[in-house]
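Taken straight from TrEMBL:
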ACT_SITE  35  active site, proton acceptor
ACT_SITE  175  active site, proton donor
BINDING   8, 66, 142, 143, 144, 145, 175, 176, 177, 197, 198  substrate binding site
BINDING   33, 35, 66, 175  divalent metal cation binding site
Ligand SMILES: O=C(CO)[C@H](O)[C@H](O)COP(=O)(O)O
Ligand SMILES: [Fe+2]
C-alpha cells in the first residue's frame, strides 16, 4: 500500500491555520490530519466542522478528520458538508460503531475506525470488512508531543495479518509520537499512513516531511 505522510494541524499555528494548511501542499504532505476534540472523550478542546469548512477553500489535499468526540455519529453530516474526505471514529466513543461507520460511508466519506492504546484489535474485528482504514493510536489521545508506545506495534502486525487472511484492503494509520525513528518501526509492523504533528511543525516543515519520506524509503 502507498505510504502517506499526514501532518497533524494540532501542532500548527492556531492563529494561522489557513496559511499553514496551504503550505502543507507545497511541503509534500499527502493528507492533512485534523484532530477534533470535544472536552469529554478527551481532556482537550480543539475545533469543529466550521473550521474544516473554512480550511477547505485553502487546499485540495485529502482531509483526514480524527474525531475524539463522544457519539461522533451526531456530526457525520456536518463534517461531510464541511468537506471532510475521511472520518475516523473511536470504537470507545459510541455504542453503535457499525451503524456510525455505515453513516459515514453513506455520507460519501471514507470510514475509519480508531482504537486507543488500551483497546485490543478484537474490539473492532466485526467492522473490519466495512472500513477503509484502521487508526491505531500510538499515544493516549488528547494531546500532541507525547511519546510513542512501541507495544502498539503488536496490534499493527495483528491487523496486517487479518487483512491478508480475510482478503481485506483497509489502510493502517498510526498516530502519536511519530518521528524519523518511530516511523521506521511503524512501517516495519505494516502501517502505511503516518500522522506526525510536533515532528513536522517543529522547525522547517518541508525539511521535516522530507526527512520522514527519506526514512520510509530506507531499506529495513
Ligand atoms: O490525535 C492526536 C492526539 O490525540 C494527534 O494526531 C497526535 O498526537 C499528533 O501529535 P504528535 O505527532 O505530536 O504526537
Ligand atoms: Fe490524531
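Keep in mind that glycine also has a Cβ here, set from the backbone N, Cα and C atoms.
Sequence features, as recorded in TrEMBL, placed on the structure.
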residue : record                             : DSSP class
8       : substrate binding site             : strand
33      : divalent metal cation binding site : strand
66      : divalent metal cation binding site : strand
142     : substrate binding site             : coil
175     : active site, proton donor          : strand
198     : substrate binding site             : helix
Site diameter for substrate, Å, by largest Cα distance between 8, 66, 142, 143, 144, 145, 175, 176, 177, 197, 198: 16
For each of the binding-site residues (8, 198), count the other CB atoms lying within 10 A of its CB, then report the residue with the highest count. 8
Do you see any of the binding-site residues 66, 142, 198 whose C-alpha is within 10 Å of the residue listed as 'active site, proton acceptor', and which ones? 66, 142
Which one of these binding-site residues, 142, 144, 177, has the sparsest Cβ neighbourhood, judged by other Cβ atoms within 10 angstroms? 142
Residue 33 (divalent metal cation binding site), number of other Cβ atoms within 10 Å: 28
Can you list, in sequence order, the residues of the same chain other than 33, 35, 66, 175 whose CB lies within 8 Å of the CB centroid of the divalent metal cation site? 6, 8, 10, 34, 64, 65, 88, 135, 195, 197
